[in-house]
Amino acid sequence: MSSSDISVADHLEPDDIADVDRLVGRATTADGVAPLNEQSLLRLHDPEARGVRHVRATSGAELIGYAIGELGPGDEPLTVECVVASDHRRRGVGGQLVAAMIAEAGGRRTLAWAHGDLPGSAELATSSGFERIRILLRMEATLDGSFEAPTAPDGVVFRTYRPGRDDAAWLALNARAFANHPEQGSMTQRDLDQRVASDWFDSDGFFLAERDGELIGFHWTKVADGVGEVYVVGVDPDAQGLGLGSALTRLGLVHLQGRGLRTVDLYVEGDNEPALAVYRRLGFAEAARDVMYARG
């Protein structure tokens, strides 16, 4: 059991953020998987983020552990991610971070993501009173030049996203398509703006499906570190049954293939059998999994 100092803050100074970035980088190298997802990294670097809690574990001047939590509106849960330096694990640091976050939840339900489903994360979750409630699969496929451009369903036109002009319509479509999805369905204009401002954003890889002037589906692709991603595919519930999800997925894969990429990945809920069936037919196979735990 090691002794570490725990501090909690609503925001971090630039030097503290740099320390977290370095800790995350070292942990990613050690584990082969990043401990924080895109949303947490955006919140970490956003000086205007609201409802965010930062917990730091330090030993002297060294940052040896970090947790970030985001409070949902009203009585919604606190969602947490944490990372501990590889040479300070199994010494109680993770438990201290989690305990501090549970205290910050103030009686709310606490949700925690464990990326890569590593044994240490599972042990920490169990010992802290959490139970496994959700699995998110990362699937991979090889782009070998075999994907061909799809034909749009009757009455549907494919085009690319126009920043600023399509924002409101896309946000409304995204909310409908992901009404039951905790993270994606709650995306705001600010969330969209942050992603559009990211280095990886390319409007030519953000495809929309339109019928009678209304958006009914989309496929947003992403390229980072030489790997393509089916970032998110969404279809309006009223447009289900047209084969639109499959067509949009293929459209994005053809785009990524045309950029000379060899590997593409995506994230999908572990219990979403219709989507899993589509992705498996396209050659995707499970490469890793993330697990969400809940307490309270």
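Just so you know, glycine gets a Cβ as well, placed from its N, Cα and C.
With helix defined as DSSP H, G or I and strand as E or B, the domain 'N-acetyltransferase' (7-144) counts 50 helix, 46 strand, 42 coil. Under the heading domain 'N-acetyltransferase', TrEMBL lists 7-144 (among others).
Annotation source TrEMBL lists domain 'N-acetyltransferase' at 156-296 (among others).
The feature acetyl-CoA binding site is assigned by TrEMBL to Val233, Gly234, Val235, Gln240, Gly241, Leu242, Gly243, Leu244, Gly245, Ser246. Residue environment of Val235 (acetyl-CoA binding site) contains 23 other Cβ atoms, counted within 10 Å of its Cβ in all protein chains.
Of all Cβ atoms in the shown protein chains, 8 besides its own fall within 10 Å of the Cβ of Gly241 (acetyl-CoA binding site).
With the fewest other Cβ atoms inside 10 Å of its Cβ, the least crowded of the binding-site residues Gly243, Gly245 in this structure is Gly243. In the three-state DSSP reading, Gly245 (acetyl-CoA binding site) counts as helix. For the acetyl-CoA site, the Cβ centre of Val233, Gly234, Val235, Gln240, Gly241, Leu242, Gly243, Leu244, Gly245, Ser246 serves as reference, and the other residues of the chain with Cβ at most 8 Å from it are Gly217, Ala239, Ala247, Leu248.
Among Val233, Gly234, Val235, Gln240, Gly241, Leu242, Gly243, Leu244, Gly245, Ser246, the residues given in the record as binding acetyl-CoA, the maximal Cα to Cα distance rounds to 15 Å.
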